[in-house]
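Features as listed in Swiss-Prot:
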ACT_SITE  ASP94  active site
ACT_SITE  ASP277  active site
DISULFID  CYS107-CYS112  disulfide bond
DISULFID  CYS268-CYS272  disulfide bond
DISULFID  CYS311-CYS344  disulfide bond
DOMAIN    76-385  domain 'Peptidase A1'
CARBOHYD  ASN88  N-linked glycosylation site
MOD_RES   SER130  phosphoserine
SIGNAL    1-15  signal peptide
Amino acid sequence: MKWLLLLGLVALSECIIYKVPLVRKKSLRRNLSEHGLLKDFLKKHNLNPASKYFPQAEAPTLIDEQPLENYLDVEYFGTIGIGTPAQNFTVVFDTGSSNLWVPSVYCYSLACMDHNLFNPQDSSTYRATSKTVSITYGTGSMTGILGYDTVKVGGISDTNQIFGLSETEPGFFLYFAPFDGILGLAYPSISSSGATPVFDNIWNQRLVSQDLFSVYLSADDQSGSVVIFGGIDSSYYTGSLNWVPVSVEGYWQISVDSITMNGKTIACAKGCQAIVDTGTSLLTGPTSPIANIQSDIGASENSDGEMVVSCSAISSLPDIVFTINGVQYPLPPSAYILQSQGSCTSGFQGMDVPTESGELWILGDVFIRQYFTVFDRANNQVGLAPVA
């Protein structure tokens, strides 16, 4: 009987995984476009995806340079609860950053008016700090304070979690954002205030059985996407997972062997670095090879600054193949051409980031929708397999 009990406990310990459903909504770009505000927004805000990954040096006032314009195209969001009783927030689960922040009742900016606001006085488990935080973007900063509370994520009660409470959010555009805040899932080394990231705090408390999480992004317009904390669900992918070592432990950065089209190398001829980022919708790379790719697929810029493609051309376009750790990962045109409301746009975006390793690419949702992705902190590796 004791052996049966022990086996039962072992089985339970191997099953401590939690799934957080993600909902696909209209992006901030789409909301601004529908309100006739996109062109004006793009004129006033210089979009620079690179600034998310290589910010300016952090100052003693805990300034985190992560431009929120970089979430312009993000479409996948999940719900978390903060406090006791829980106050719910819609957040971006972002493997390209490490901090958690949400709007608070102390924020009177227009951007906060139509979002859920955290009220510390309504939580019996909230613990204040004297630390402040500032996230700089565009023409101003989101400023706020840091506090501790219980964060509920997919059934997990993550106690004593540090997070940011916004007090000011400049600019009108965040008013139209389909999310309240950001939940970062990258390494603690890039946490702006030295704050322990959510997943690290979860693992430190052994609230999950494995030091990893995985992501499935559905192409479905609304449901089916999920973040899995503490495990892997093989029903979301076909074949076996191929493992890729993390090359730099900060972002989820890996090495790419080459990028080809029709058997011809079009980029990354001598290898390059890439960041796997759920918080970036598009697939970005250096401006020169991206410009060549845009030309090859027949993309041209419209008045809103979008790279549009003829929808009728999709069936004749070739796959673009990323070879990673010796394994080929093809992206069909149905993946890298984004179709919405009868129009088609390119899923590629130019971005120049000088690094010691050379050119840098960002494998955003365009890539992750095709490949179930495991972020393995225990072994510092990323697992990839074709989605089921």
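Using N, Cα and C of the backbone, Cβ positions are placed for all residues, glycine too.
Owing to the predicted nature of the structure, the values given are computational and were not obtained by experimental measurement.
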In Å, rounded, how far does the Cα of CYS107 (disulfide bond) sit from the Cα of CYS272 (disulfide bond)?
42
For CYS272 (disulfide bond) and ASN88 (N-linked glycosylation site), the CA-to-CA distance in whole Å is 40
Cα proximity to ASN88 (N-linked glycosylation site), best match among recorded positions ASP94, CYS112, CYS268
CYS112
Using Cα coordinates, what distance in whole Å links CYS311 (disulfide bond) and SER130 (phosphoserine)?
54
Near CYS112 (disulfide bond) in space, meaning Cα within 10 angstroms, which of the recorded positions do we find among ASP94, SER130, CYS344?
none
Reduce the DSSP letter at CYS272 (disulfide bond) to three states and note it down.
strand
What is the Cβ neighbour count of SER130 (phosphoserine) at a 10 Å cut-off, with all protein chains included?
6
